[in-house]
Amino acid sequence: MVVMARLSRPERPDLVFEEEDLPYEEEIMRNQFSVKCWLRYIEFKQGAPKPRLNQLYERALKLLPCSYKLWYRYLKARRAQVKHRCVTDPAYEDVNNCHERAFVFMHKMPRLWLDYCQFLMDQGRVTHTRRTFDRALRALPITQHSRIWPLYLRFLRSHPLPETAVRGYRRFLKLSPESAEEYIEYLKSSDRLDEAAQRLATVVNDERFVSKAGKSNYQLWHELCDLISQNPDKVQSLNVDAIIRGGLTRFTDQLGKLWCSLADYYIRSGHFEKARDVYEEAIRTVMTVRDFTQVFDSYAQFEESMIAAKMETASELGREEEDDVDLELRLARFEQLISRRPLLLNSVLLRQNPHHVHEWHKRVALHQGRPREIINTYTEAVQTVDPFKATGKPHTLWVAFAKFYEDNGQLDDARVILEKATKVNFKQVDDLASVWCQCGELELRHENYDEALRLLRKATALPARRAEYFDGSEPVQNRVYKSLKVWSMLADLEESLGTFQSTKAVYDRILDLRIATPQIVINYAMFLEEHKYFEESFKAYERGISLFKWPNVSDIWSTYLTKFIARYGGRKLERARDLFEQALDGCPPKYAKTLYLLYAQLEEEWGLARHAMAVYERATRAVEPAQQYDMFNIYIKRAAEIYGVTHTRGIYQKAIEVLSDEHAREMCLRFADMECKLGEIDRARAIYSFCSQICDPRTTGAFWQTWKDFEVRHGNEDTIKEMLRIRRSVQATYNTQVNFMASQMLKVSGSATGTVSDLAPGQSGMDDMKLLEQRAEQLAAEAERDQPLRAQSKILFVRSDASREELAELAQQVNPEEIQLGEDEDEDEMDLEPNEVRLEQQSVPAAVFGSLKED
């Protein structure tokens with residue numbers, strides 16, 4: 001039941017409450033200044049009609065006007081009550097008045113100001129809203145202005161009132177100057193580009209400015225250049241030319257874009273000739289190919305657009321294009337620009353490095369057909385290039401300059417150029433030497449032989465002050481007398497044009513200066529030999545040998561010894577031996593083989609056979625390991641030819657001891673084959689037995705097949721058994737090698753035994769050995785399978801004096817100790833039948849005696 005009551009207080013004659021409100025009313029009467037009591041009461045009355053709820057808020061605020069909680073909830077509730085009403089409804093004005101009343105006490109609360117301003121923005125009352133924002137900024141301390149300004153700026157941007165917004169932004173930038181980019185973007189959007197350019201220029205020049213968008217100073221510069229260059233009619237307060245040129249000095253890595261921006265500014269301003277001047281200045285000053293490409297492409301596009309506009313204008317006026325002189329001029333200008341591109345690009349590269357010799361040569365080639373420009377280019381090049389900073393060979397510029405004059409018939413001018421070149425302080429002696437050689441070649445091409453000799457003799461003359469060839473502190477003019485290039489050319493000219501004595505003097509001088517090469521020494525000796533001065537040529541070889549060490553002296557020794565043997569043969573055998581011993585003393589193993597073979601040939605032809613064998617024996621020790629096998633082959637061949645094959649047994653034995661397993665195996669087979677030919681079956685069998693220790697049956701099946709064939713032909717039951725026993729022993733030896741087993745385990749995949757990685761963690765130490773044992777058992781089983789199967793046919797070895805009856809009886813008996821040969825062995829011995837064995841008498845091979853048989 002609802003009970004309506006009226007309070008007896010005279011100040012509240014209209015206050016009405018229900019029976020459920022009595023407890024809250026009584027509590028309020030006891031604690032009327034308690035915010036919590038009022039809030040509990042208000043929370044209880046949330047479902048009551050809006051006037052009753054508002055009345056309750058008013059009662060509370062009258063007693064507690066400084067309660068932020070009450071005001072915040074009350075204002076929020078009042079705004080919610082009018083949310084779906086028309087903004088012209090009088091209720092909105094009542095809510096606004098409530099906010100104004102609240103600010104009498106709550107003017108320091110930014111949250112209430114923000115809610116009120118947002119409420120006014122929703123009503124669309126622009127002036128009232130702007131003034132309220134201003135009141136909020138005045139009422140709040142400056143530390144809390146940052147909470148008001150974002151909403152204020154959003155309000156300013158939401159209405160097409162640029163002047164109001166500009167004034168607001170200017171005030172905001174005083175508080176937050178780092179937000180200048182936001183203001184600049186607004187100015188651009190509102191088409192106030194002049195002020196935007198001013199603000200952007202200020203930002204760019206402020207070194208302390210940090211972009212909120214993370215833009216670099218160059219990016220801001222680029223925005224400024226684009227802004228002022230693309231809007232010349234709207235940006236009036238800035239000196240665009242000065243700004244962009246200032247950027248050219250600051251941002252040297254982006255010159256192309258800045259130059260294009262400056263030219264674009266003048267193009268949009270209608271100053272086309274000024275824009276063309278900017279382009280020309282740009283392509284003559286940029287330092288990189290990238291910048292040049294940007295500027296040149298923009299320049300060419302500008303000229304094309306000008307020509308297209310001119311042609312369109314002419315067509316509209318009805319004039320013939322052929323009669324338009326201005327159009328012809330523009331076309332000619334555009335063609336000249338395109339034709340100048342390679343030369344302009346070359347200029348860019350030379351501005352990067354004016355000492356780049358190759359680029360100067362390319363520049364000359366670009367002027368092909370224009371002699372005056374070529375001469376000017378060469379002159380500029382030789383004056384610009386510093387030999388100590390040059391990239392390339394600077395002397396080639398002088399030589400090419402002289403060659404240009406020579407090709408055009410101006411021989412005197414060419415001589416003058418080369419003479420000046422000989423006085424240039426080059427960095428390398430070789431440059432000056434090349435110039436002197438070109439001087440000589442110039443005279444030779446025009447058949448001035450005496451002048452050529454005179455020039456080269458002048459170049460090689462001793463200077464007043466001698467200097468070492470590599471002494472960088474001395475000018476190259478004092479060091480060129482030691483240049484081998486000049487001396488070599490002089491020696492060639494003396495051989496062709498001079499006398500024997502003058503040529504000999506030149507070669508002697510080269511040797512005295514110790515600048516000769518092995519080829520120079522050989523040339524000198526050959527020159528003396530051609531003139532029948534044999535001993536002098538040998539002396540030249542000796543002098544050359546004293547100048548060089550191994551391996552450079554190798555060619556000199558080879559030529560010297562060959563010439564000496566060809567000259568004297570066996571007449572000066574002791575001297576030849578001394579020369580060989582001298583050559584071999586200190587000779588590296590790499591070069592010893594040729595000398596030893598030459599030495600042995602000398603002994604074979606003119607000396608003693610035992611001396612030749614001694615030389616071969618020394619050679620097998622002196623050469624490189626890779627050449628020992630070839631050396632032993634030669635040694636064995638020569639020993640067999642001279643002394644007979646029996647003399648090679650010791651050589652074979654030594655070769656087997658020295659050579660690697662692969663080559664030793666081949667030597668053993670050859671050795672055993674030789675013994676077989678000599679009828680020494682036991683010696684051959686011993687060799688096979690020795691060699692078997694280095695022959696793994698799995699990889700050297702050819703050896704075991706050879707031994708098996710040998711035993712089938714020459715052996716008996718016991719020898720074959722011994723061979724098979726040795727084979728099993730060797731195979732077991734190789735099987736038990738841990739390294740081999742490990743490598744085999746890695747190769748086996750998917751086997752039943754598995755791998756170490758398949759084991760459980762913690763068992764690797766014990767199970768590694770288990771796997772090795774399993775693998776060993778597997779390999780042993782394979783070895784058992786590899787053993788020869790029991791033969792179906794029997795090979796019986798019988799005495800040669802057995803009768804046919806005994807042979808037949810033996811053929812029918814089963815031998816309990818018969819040899820188990822494999823199927824392949826059975827096939828090889830199918831032809832052997834237990835018939836009579838015929839013994840043939842063989843003659844001694846002729847190779848046994850060698851060359852001694854002839855004696």
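Note that the numbers count up from 1, one per residue, in the order the chain is shown.
Glycine residues also receive a Cβ, built from the backbone N, Cα and C atoms like all the rest.
Taken from Swiss-Prot, the feature repeat 'HAT 1' covers 15-47.
If you look up Swiss-Prot, you'll see 90-122 marked as repeat 'HAT 3', on the strength of a curator's inference. Using a Cβ-Cβ cut-off under 8 Å and counting only residues 6 or more beyond its ends in the same chain, the repeat 'HAT 3' (90-122) has close neighbours at 65-66, 68, 71-72, 74-76, 78-79, 81-82, 128-129, 132-133, 135-136, 139-141, 144, 147-148, 151-152, 155, 158.
What Swiss-Prot records for 124-158 is repeat 'HAT 4', and it gives a curator's inference as the kind of evidence. Tertiary proximity for the repeat 'HAT 4' (124-158) is limited to same-chain residues at least six positions away from its ends with a CB under 8 Å from its CB atoms, namely 87, 103, 107-108, 110, 113-114, 116-118, 164-165, 168-169, 172, 175-176, 182, 186.
Distant neighbours of the repeat 'HAT 5' (160-192): 126, 130, 142, 145-146, 149, 152-153, 199-200, 202-203, 209-213, 215, 227, 234; these residues of the same chain sit at least 6 beyond its ends, with a Cβ under 8 Å from one of its Cβ atoms. Annotation comment: Swiss-Prot describes 160-192 as repeat 'HAT 5', evidence class a curator's inference.
The repeat 'HAT 6' annotation in Swiss-Prot covers 198-230. Secondary structure of the repeat 'HAT 6' (198-230) per DSSP, as helix, strand and coil residue counts: 22 helix, 0 strand, 11 coil.
For 235-268, the entry in Swiss-Prot reads repeat 'HAT 7'. In the predicted structure, the repeat 'HAT 7' (235-268) carries a mean pLDDT of 84.
Under DSSP, the residues of the repeat 'HAT 9' (369-407) split into helix, strand and coil as follows: 27 helix, 1 strand, 11 coil. Positions annotated as repeat 'HAT 9' by Swiss-Prot: 369-407.
In the three-state DSSP reading, Lys420 (N6-acetyllysine) counts as helix. Residues annotated as N6-acetyllysine in Swiss-Prot, with a large-scale study or a structure entry given as evidence: Lys420.
Taken from Swiss-Prot, the feature repeat 'HAT 10' applies to 498-530. For the repeat 'HAT 10' (498-530), the number of residues in each DSSP class (helix H, G, I; strand E, B; coil) is 26 helix, 0 strand, 7 coil.
According to Swiss-Prot, the repeat 'HAT 11' annotation covers 532-566. A Cβ distance under 8 Å defines the sequence-distant neighbours of the repeat 'HAT 11' (532-566), meaning residues of its chain 6+ beyond its ends; these are 507, 511, 514, 516, 518-522, 524-526, 575-576, 579-580, 583, 586-588, 590-591, 594-595, 598, 602.
According to DSSP, the repeat 'HAT 12' (571-605) comprises 29 helix, 0 strand, 6 coil. Residues or ranges marked as repeat 'HAT 12' by Swiss-Prot: 571-605.
The repeat 'HAT 13' feature in Swiss-Prot is assigned to 643-677.
Feature annotation from Swiss-Prot assigns repeat 'HAT 14' to 679-713.
Sequence annotations record features per position, and here Swiss-Prot assigns region 'Disordered' to 810-855.
Annotation source Swiss-Prot lists compositional bias 'Acidic residues' at 820-834.
What Swiss-Prot lists as phosphoserine is Ser851.
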Tally of DSSP helical, extended and coil residues in the repeat 'HAT 1' (15-47):
22 helix, 2 strand, 9 coil
Contacting positions for the repeat 'HAT 12' (571-605) when only residues 6+ beyond its ends and CB under 8 Å are counted:
550-551, 554, 557-558, 560-562, 564-565, 611-612, 615-616, 618-619, 622-624, 627, 630-631, 634, 638, 642
Give me the non-local Cβ neighbours of Lys420 (N6-acetyllysine): same chain, 6+ apart in sequence, Cβ-Cβ under 8 Å, ordered along the sequence.
Trp398
In the repeat 'HAT 14' (679-713), how many residues does DSSP put in helix, strand and coil?
27 helix, 0 strand, 8 coil
